[in-house]
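Taken straight from TrEMBL:
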REGION    1-34  region 'Disordered'
COMPBIAS  18-30  compositional bias 'Basic and acidic residues'
DOMAIN    34-422  domain 'Catalase core'
BINDING   R78, R118, F167, R364, Y368, R375  heme binding site
ACT_SITE  H81  active site
ACT_SITE  N154  active site
Amino acid sequence: MAKKKAQKAAAETGHWGEGGELHQRSKKGDQPLTTNQGLVVADDQNTLSVGPRGPQLLEDFIMREKITHFDHERIPERVVHARGYAAHGYFQAYKSHAKLTKAAFLQDAETKTPVFCRFSTVAGSAGSPDTARDVRGFAVKFYTSEGNYDLVGNNMPVFFIQDAIKFPDLIHSVKPAPDRDFPQAQSAHDTFWDFVSLNPESMHMLMWVMSDRAIPRSFRMMEGFGVHTFRMINKKGESQFVKFHWRPTLGTFSVIWDEAMKISGADPDFHRRDFWNAIESGNYPEWELSVQVFSEDQANEFDFDVLDPTKLIPEELVPLTPLGKMVLDRNVDNFFAETEQVAFCPSHVVPGIDFSNDPLLQGRLFSYLDTQLSRLGSPNFHQIPVNKPKCPFANFQRDGHMQMEVPTGRVANEPNSLDDGSPRENAMAGFNSYHAAEAGEKRRLRPESFADHYSQARLFWISMSDPEQRHIVGGFAFELGKCNEAKIRTRMLGHLANVDQSLSDRVAEKLGMSGQADTIQPRVPVRDVQPSKPLSQDSVAPESLQGKKIGLLTTDGIDAKLLDAIATAAKKEGATLAVIAPTRGAIHTSDGKELATDDFLAGAPSVLFDCVIVAPSAGHAEMLAGEAAAVNWVRDAFAHLKVIGFTDSATGIFEKASVATDADEGVISIDSSTLSEFLKQAKRHRIWDREPQLRTL
Ligand code: HDD
């Protein structure tokens, strides 16, 4: 009971024991500016010099300290997942999952476990745009009462390769070419497609990466997956296999590729800005954590190997068991100290969670600590507040660069009978690896059960809705179109034909290469598979404006009643409204009230919004229709399949944009009393039926 109380208090304060600085906002108050030695600085504007124009003095230790520190501000960026964004929050189980696992944070519904969650792109460097086509990292650190547990996953449930020894090759192939250092944050180039087309095990993952999943609308609208098969072990020592799933409460949504490219220019920080703003405004992103639970016997019945990270388990085969909910409710105080220095590691587990023999996972268990030693520069990086467990921890590891603790006593060995003999190991409470019986020859071998590279790629393809299939075709055609080597394109068309002939034909047609696919013989026959509905984000997407953004393009003199109706509806639907006017200063509504704008036309193209309304005042409608940016606003919103509401005064802009005001059900005339149809359509996210007329190429 006392433990539970302590856990509850810990979750509220963010302290598991000592060293809970992480959860305290720094206080500035009246603190004077000092040097790093605490000396108050009298003048921070001028270097010490002889005379007003005279030579500067080496003696100026204050200037030297400041510049020296600045000179050393950078650390190496992550070798992958360099661009990321994170927040604090908590995880809470729905109920006890004691039957499944003995992990303390899953034993009851009261314990709130603090978490730190970082999302990332994989290929781009730290300054690359958010909306690049890429896998997204989804890494969660649970600060549990038994130590830190890291679930280091992605927003896709499978991976490119089956064995970690191929990871450096995969990453080298997708990163900028070593001679010319471009392209940045792109897989659309020869080295990547050359590598994957020579590694057919990547085919399933490629389907995901060419799909809408690789261009998420928001971190808040992304699923997450642990990818590998893990074990859960209960108090009786019984083990089950599990696969982890995160599901966002808002549903899973994406942008359109043309939009993603334009957002890269209009707002390279699109995802982080969206995430930061949502948390600052109290709209805390939430995910449900579930597991697919299955026994080893069950696994042996599947027609794929659960140790192969290029395979998923269809939910029809093993449904999800919900475990609890994660809420991210606090932005970081300092990006570098927290987001940049956080160190996730798949080998950070707690009693009750263990690994499987997935060869990719086993390689990962080595790589993370290793890379963090060079990235964070010392074996003591676990002492950095964001990495420090919130439960007590003690051992005899000592010294090293940047040791921040001051261990006391004369003993640094275990066992010992000096001092009080502690800390000591504890066979009962401690982590015990699952006693799996293993035997076999020592060899370098890929199991035959990993040989089917096309069936699940096909499963993904046939599970997609028509628009999703169109986007996959478009994705392949775009990426392969950027490959200069024709032999890579024909090889890939050959692989795609093994996934599905129509997929290969459609991509070939878009490339202008019909009939040129290589013939590639699969190692094992491609299986007959049934579609799995949950793989299609479109088919399970909620019709909702929750968490979305409505862009209102307007001018001085906007109808006050209409504005009020839109603002009220947006609030009711849980959406954000952004008022965009030709200039940034405040405008006035028709009843003379001042209205602050959120952005200005040239700086806020319609790609930044989920749905839009165009409502200039009658007096300024002609002026707006003469603005290319306003015409593009409408043209792009239509091309990106958005729902567009408009007032009568806006028709001139539509004419210039060549968008018919009765084009389809997504172009809707509105006034202050007829918003309901606009809202109904906008909840559909996109008007997919519009797409075939707009993108025939
Ligand atoms: Fe990895 C970072 C996820 C395969 C080696 N990985 C990293 C991050 C995520 C993943 C989310 C960013 C963590 C953060 O936000 O700091 N990685 C995955 C997933 C994989 C995967 C889901 C396949 C299922 N990774 C993988 C392999 C290796 C690595 C096979 C190496 C053998 N990953 C690393 C790394 C990184 C990393 C080099 C770079 C920065 C870091 O670890 O701290 O160790």
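Note: Cβ is positioned from N, Cα and C throughout, glycine not excepted.
Unlike curated entries, TrEMBL annotations are predicted automatically.
Mapped onto this structure are the features recorded in TrEMBL.
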residue: R78; record: heme binding site; Cβ within 10 Å: 19
residue: H81; record: active site; Cβ within 10 Å: 23
residue: R118; record: heme binding site; Cβ within 10 Å: 23
residue: N154; record: active site; Cβ within 10 Å: 24
residue: F167; record: heme binding site; Cβ within 10 Å: 17
residue: R364; record: heme binding site; Cβ within 10 Å: 21
residue: Y368; record: heme binding site; Cβ within 10 Å: 17
residue: R375; record: heme binding site; Cβ within 10 Å: 17
Collapsed DSSP category at N154 (active site): strand
R118 (heme binding site) to H81 (active site) - Cα separation in whole Å: 10
Secondary structure at R375 (heme binding site), reduced by DSSP to three states: helix
Site extent for heme, whole Å (max Cα pair distance, R78, R118, F167, R364, Y368, R375): 21
Euclidean distance between Cα atoms of R78 (heme binding site) and N154 (active site), Å: 16
